[in-house]
Amino acid sequence: MAITRKNLFGKLDATLFKGIESATTICKLRGNPYVELIHWLNQLWHQEDNDLKHIVRYFAVDVDAFERGLAQALARLPVGATSISDFSYHIELAIERAWVYASLECLDTRIRSGHLLLAMLTNMELRRALLAIAPEMEKIPLEHLSSDFNFITQASPETNEAATDGSPMYDGTLPGEASNAINGKSTATLAQYTTDLTALAREGKIDPVLGRNHEISTMVDILLRRRQNNPLLTGEAGVGKTAVVEGLALAIVAGEMPPALSQVSLLTLDVVALSAGASMKGEFEARLKNVLDEAMASPTPVILFIDEVHTLVGAGGNAGTGDAANLLKPALARGQLRTIGATTWSEFKRHIEKDPALTRRFQVLQVDEPDEDTAISMLRGLTPALEKHHGVWIMDEALQAAVRLSHRYIPARQLPDKAISLLDTACARVAVAQFSQPAELQQLTFQSETAQTELSSLEKAQHFGKGQDERTALLEATIAQHSAAANKLEQRWQAERELVTAITATRTVLYELVSQPTPDEEKRQQYQQQLAQLEEQLLLIRSAQPLVQAEVNATVIANIVADWTGIQVGQMLKDDIRAVMELPQRLEERVIGQPHALVQLSENIMTARAGMADPRKPLGVFMLVGPSGVGKTETALAIAESMYGGEQNLITINMSEYQESHTVSSLKGSPPGYVGYGEGGVLTEAVRRKPYSVVLLDEIEKAHSDVHELFFQVFDKGQMEDGEGRFIDFKNTILLLTSNVGSELLSNLFADPDTAPDQDGILSALQPELLKVFPAAFLGRVTVIPYLPLQQSALQHIVRLHLDRIGQRLQSQHQLTLQYSDVVVDDVVSRCSVAETGARMLIRYIEQNITPEIGKFILRDHDAIPNQIVFVDKVENKFTVSVLNEKINN
């Protein structure tokens, strides 16, 4: 009968066991694949005292030569292994021969390092291995050592040591297993490389999963098949593929599954752990095969969940060699192993779909991003866990704001993942604010310290006659101002903290009270009154910007989105109805001289927002027709800012780049087999990432007719199929198409304002011109809005607007106020021909003739006193810039 390792290693005394334990650690650190004799001898030699050292000293072995031999032997070992495969054959042989010598020759009950050395000198195979490491050991006479062993080692600490298996601390663990330097052989592969989701569900360690009943039911249908019973969950990162599997585990534990699935164990495979340390060819595949064999042989039915299943394709080696997916195929096809896979759609197309044999063994189950209502329900299921973790109260308005704002302003991620991250961050911010100083107070403290540092430097310079009295006085005033503001803010923060702490405690007591089967009504009313009083006190000491929040609300959510995106909080919290109602006013402020066009645009968008338009179509599809420079692009910018929170939500496509028919693929994405497949299209990817946006198709008349036809599905159904077969949703976008078709006709019609036609007449006159470029089917799907040539009053207004913008820059940069005469405005308008370039010529003229004069004035008189008036005038055909005598009072 073979001797077990447990019994063999248990006979080592404490010195030898510690030595081989540290030898396994050194072996792993050096990257050696096996624990060798050299590791053990090296560690024994570096111990403070033992039999080995007494024997070496007794026989006068050259210590320097012995240590050089150890170092050289270690250097000769192969390196590069990420884990230890096992103990070498020589280790086990040496222990076995040492035990024979100790028990039979020395009548001892444990193995000492001296016994180990005797065994290595006695056995010819071990002797060769020892002398290869340390040739100096040949000087030790075997007979002398054997006969005088007890005398030579009488002072060794090993004399009084017992065998390891005689210690109450010994549990049969092999050397290296306790420190994880070497993997134990007794651990089941299935338990080592998987996590039991059903066990976690029983222990309450999985959060509730809501809103995925359809996906779970479909997955159960697939799992109950006799063959090819393997669902493959595909969907964008963050839509909740893993949560669907966790929902299945919860349903199994809750007894909501049919009998065939009621007793199964749902195990998730850790692919990273499976591949970690698999340095030798075939080791990864061997581990995976052991997992599959144990799963199929398990007495309890097992369903294996492989997240990121595409990592198994090619994971075991290069393409065509040892592909781990090939190990899965037979078991999956025969139905012996039920497997749930999960991967993103792009990874599925890139890796799995290319292997038809693997693809047909899975049934693809698409997990789509939930709508806003479903996502809110999902967050409600997570609310108790978040409240318990952070110790805060989450209002329902915070859940709605997290979903709505993340859906609109964080388009790069998916619901519910981004809403959960947003809500989790909000909870953390509210919890932290109760213990750390607010950002405003920290900023004031920093500014005060910065000013104090500069003041100290100036005071030092003053001793050397280099003082700056004005700067010193300014810094002293700044420090005093910041200190006063910081003290005031500190007091308010402390007061808010105390009240919020009291409110939180009262809410906790009140919640525990009402949770009782028969709550005390009198106490409930008492605590409710106390809570109302505390909240009223908090409102009294607060300003518009609270320093400490008593709960997670919509304002906290909006502040975090503002930090992440840079969009103003007010614009995010503004509801859609108010944004639509303010749209006409916003457009009139930015787009000058187009009242009829703006009214028509506003009315159409209002109709769509009221739900009266076809819900399958985009919010609006408008073709803005007119000369260049009359406000078409500015209209798109104004709508993006008013309706979608900022100009960053404007997607601009220059259609002059799509004059050939083959350029259609760059808009929607290349089809399979073509260069660029899988990278997405310019338009489809932009809308997929920003579903709430204005899409500006500039100079649409220059695009190829095939490109025009591409948009028919967008105009009719509000969606476009990209090159990968995904449908991109355009229902929340506003499409603006700009065109210069009919510009000359419009200029002629409005050459004389008295004979200009009305709006219907303009459209009738434009129709023949448009039909020369666009087919009737295209024009029938868009709303044509003519943009008229700008009149004199509109041009003057535009000039004043641009000069006012220059004045704003002057005020912010130099604290100077800009004024200008009417002569300047009239001169700019009279000198610019706007027939072909529109308002762009006016702006270019101002930037070429007026702005340089202001710039030279600033550089020449750079020490001009702040708060003065800079006046621009036209004198003798030349623009002049001067300072008025009067000064603006703050």
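In case you wondered, yes, glycine gets a Cβ from its N, Cα and C as well.
Small disclaimer: the values here were computed from a predicted structure and weren't measured.
Copied over from Swiss-Prot, here are the features:
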{"type": "BINDING", "residues": "Gly235, Glu236, Ala237, Gly238, Val239, Gly240, Lys241, Thr242", "note": "ATP 1 binding site"}
{"type": "BINDING", "residues": "Gly626, Pro627, Ser628, Gly629, Val630, Gly631, Lys632, Thr633", "note": "ATP 2 binding site"}
{"type": "COILED", "residues": "420-544", "note": "coiled coil"}
{"type": "DOMAIN", "residues": "9-150", "note": "domain 'Clp R'"}
{"type": "REGION", "residues": "12-77", "note": "region 'Repeat 1'"}
{"type": "REGION", "residues": "87-150", "note": "region 'Repeat 2'"}
{"type": "REGION", "residues": "171-369", "note": "region 'NBD1'"}
{"type": "REGION", "residues": "370-566", "note": "region 'Linker'"}
{"type": "REGION", "residues": "567-789", "note": "region 'NBD2'"}
{"type": "REGION", "residues": "790-890", "note": "region 'C-terminal'"}
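All features noted in Swiss-Prot, drawn onto the structure.
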{"residue": "Gly235", "record": "ATP 1 binding site", "contacts (Cβ under 8 Å, 6+ apart)": "Lys241, Thr344, Trp345, Gln366, Val367, Asp368, Glu369, Gln414"}
{"residue": "Ala237", "record": "ATP 1 binding site", "contacts (Cβ under 8 Å, 6+ apart)": "Thr344, Arg413, Gln414, Asp417"}
{"residue": "Val239", "record": "ATP 1 binding site", "contacts (Cβ under 8 Å, 6+ apart)": "Val367, Asp368, Glu369, Pro370, Gln414, Leu415, Pro416, Asp417"}
{"residue": "Gly240", "record": "ATP 1 binding site", "contacts (Cβ under 8 Å, 6+ apart)": "Val209, Arg212, Val367, Pro370, Met378, Pro416, Asp417"}
{"residue": "Thr242", "record": "ATP 1 binding site", "contacts (Cβ under 8 Å, 6+ apart)": "Asp307, Ala342"}
{"residue": "Gly626", "record": "ATP 2 binding site", "contacts (Cβ under 8 Å, 6+ apart)": "Lys632, Asn740, Gly742, Ser743, Leu746, Pro786, Tyr787, Leu788, Pro789"}
{"residue": "Thr633", "record": "ATP 2 binding site", "contacts (Cβ under 8 Å, 6+ apart)": "Leu696, Asp698, Thr738"}
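DSSP states for the region 'Repeat 1' (12-77), grouped as helix (H, G, I), strand (E, B) and coil, give 48 helix, 4 strand, 14 coil. Pro627 (ATP 2 binding site) counts 22 other C-beta atoms within 10 Å of its own C-beta, drawing on all protein chains shown. Sorting the binding-site residues Gly238, Gly629, Gly631 by the number of other Cβ atoms within 10 Å puts Gly631 first.
Reported as a whole number, the C-alpha separation between Gly629 (ATP 2 binding site) and Glu236 (ATP 1 binding site) equals 42 Å.
For Glu236 (ATP 1 binding site), the nearest of the binding-site residues by C-alpha distance turns out to be Gly631; the candidates were Pro627, Ser628, Val630, Gly631.
Glu236 (ATP 1 binding site) falls within neither a helix nor a strand when secondary structure is assigned with DSSP, and so counts as coil. With respect to Gly238 (ATP 1 binding site), the closest of these binding-site residues in Cα terms is Gly631, chosen from Pro627, Ser628, Val630, Gly631.
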